[in-house]
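Everything below concerns the one structure shown next.
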Amino acid sequence: MDVQAQRPPLLEVKRNVELKAALVKSSSRVPLSASRLKRGPDQMEDALEPAKKRTRVMGAVTKVDTSRPRGPLLSTVSQTQGHTAAQKGPKKTGPRGCSAIGTVLRSQKPVPAAPAQKPGTSTAPVVVGKRAGKRPAWDLKGQLCDLNEELKRYREKTQTLELENRGLREQLREVQEQATTLGTERNTLEGELASVRSRAEQDQQRLETLSARVLELEECLGTRERLLQELQGERLQLQEERSTLSTQLEEQERRFQATEAALSSSQEEVVCLRQKTEAQVTLLAEQGDRLYGLEMERRRLHNQLQELKGNIRVFCRVRPVLEGESTPSPGFLVFPPGPAGPSDPPTGLSLSRSDDRRSTLTGAPAPTVRHDFSFDRVFPPGSKQEEVFEEIAMLVQSALDGYPVCIFAYGQTGSGKTFTMEGGPRGDPQLEGLIPRAMRHLFSVAQEMSGQGWTYSFVASYVEIYNETVRDLLATGPRKGQGGECEIRRASPGSEELTVTNARYVPVSCEKEVEALLHLAHQNRAVAHTAQNKRSSRSHSVFQLQISGEHAARGLQCGAPLNLVDLAGSERLDPGLHLGPGERDRLRETQAINSSLSTLGLVIMALSNKESHVPYRNSKLTYLLQNSLGGSAKMLMFVNISPLEENVSESLNSLRFASKVNQCVIGTAQANKK
């Protein structure tokens, strides 16, 4: 196709406009009319102004972007408008965008190409309407009107072309966006393709590696099979040889070979057993270290728990009503539920008392006064011995861990102190007291700790302090009942450990030995008949158990005393009664008991107040127990009271003393380790 035929109609329009402008600007040879001759230069310029405007419009029309590829344009206004409406429809984009470009290109209707022109010739402008004919050269006004009409038509056509141009630009922008999207997709797909190719190469390499490994294993398997066949053949050959050997020499050689094989196998077994033994020893050492660490952590947490509970704790126990005793009135003793509700063990009790003095003065019934007390734990009359021991089992464990421990039983005579510490009649395991139960617990735990490398030894002693005199309750033979020679001394100069001279220190290792010692001490203890109790303990009994532990593998040692003290019962004597020889003895005993108990209270208060001087020496009891009462010890006091209303005064005194002790704090306990 000729180049001239491919020119767009817009260039042809531009060329026709330029020709028209030249025609307007050219001077005509027709004489001007009078009206035209009368016009001045300004009026001529106004007359020619439409031509100038038409020239500027044509110049603006010619400023079309020719940098992009030219496609076929629509030839008519209706085609352009239809094409513009088509562009406003929904755009459909295919998977790769190629179909969208094809749709845009197909939507453009081709314009019939102009006939080919020869060089140097111009194409006549497209005339939409018909003119009457060519005006004469002198009819400039008519020519001007024609040109204005033609300019109007060209303006309309220019607007149409501008609309078409905007539509084409919009199409171009959409195509460019689609091309950008397709380029991005292409880059993404190329990256995915590269990744897939990389993985394929890696899989191929792995496949090659695995194939090589398979070949290697197949080769190894073939070698093993050949070796197995060779060995089987050799075995058959040896069997044939053995069956064919008949001489004594060959028989001896066979036996020699068998002996060598057995020896080699035995040596291999020995080596294997040695390795296993070494591994077991290593594992045992590791487990021992771990077990030791866990044991130390248990001791630390156990001691921390005991410190949180308090290094001085007070438990209250109310004995049950015995046969022949009057039942107390309802509401005399009330046990409120624990802090967590009815299921929680009680920690307080309320005691009601009527004021007889006020009743005597006024003559009216005395009102009831209620006294409330709170302790770490309260045991009602129905509490069992096992339940009581469960509360102090952790404290007994602290003694095994190296902390000095002292447990008191305090209260008036007949309140159940001895029953709490030693228990009831022999032979009934349900009535065993704290001492036999504590010993059973210590022996059991020591046996378990032996598997961790700990070795424990226990040495027991049992003394009583009667009228400030120390007596050995384990004395036998001629020394039985003669405790005046016992004195409290230092074990060695400069040592903090105390010992009782002339007292028996018996090593114990089982429950039967402890039971025999308790039976002997029970027979030797000083008792007397009082108004409150037919067999009242008139002395303080102190059961001391010195615990020594050693871990030879780690070079550790620990030791601490466990003191279980049954304090003497207090009982007031009527000062108006005539004192016979027996009553004078009871008075001296009561004075000594009250003095030692008062000193015990002063010592505890001094320790709580961090006083520089603690009056340990004011009493034999506190002097003997001073290493178990200080800041490095743990102490527990049982206050035993009677449930009878006739003993309400003594019960109140005991509860008030116990409340003072419960408010004391003696500091942080420390283990005795070396």
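Placed from the backbone N, Cα and C atoms, the Cβ positions cover glycine too.
Remember, predicted model here, so these are calculated numbers, not experimental data.
Database features (Swiss-Prot):
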BINDING   G411, Q412, T413, G414, S415, G416, K417, T418  ATP binding site
COILED    146-315  coiled coil
COMPBIAS  75-84  compositional bias 'Polar residues'
COMPBIAS  336-345  compositional bias 'Pro residues'
MOD_RES   S28  phosphoserine
MOD_RES   S33  phosphoserine
MOD_RES   S35  phosphoserine
MOD_RES   T360  phosphothreonine
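When each of the binding-site residues G411, G414, G416 is scored by how many other Cβ atoms sit within 10 Å of its Cβ, G416 comes out lowest. Remote same-chain residues near the compositional bias 'Pro residues' (336-345) are listed as 377-378 (criterion: CB distance under 8 Å, separation of at least six residues from the stretch ends).
Within the same chain, residues at least six positions away from S415 (ATP binding site) with a Cβ under 8 Å of its Cβ are R319, G569, N640, I641, S642, N647, S654.
Classification of K417 (ATP binding site) by DSSP places it within a helix. The DSSP secondary structure for Q412 (ATP binding site) is strand. Residue counts of the compositional bias 'Pro residues' (336-345) by helix, strand and coil are 0 helix, 2 strand, 8 coil (DSSP-based).
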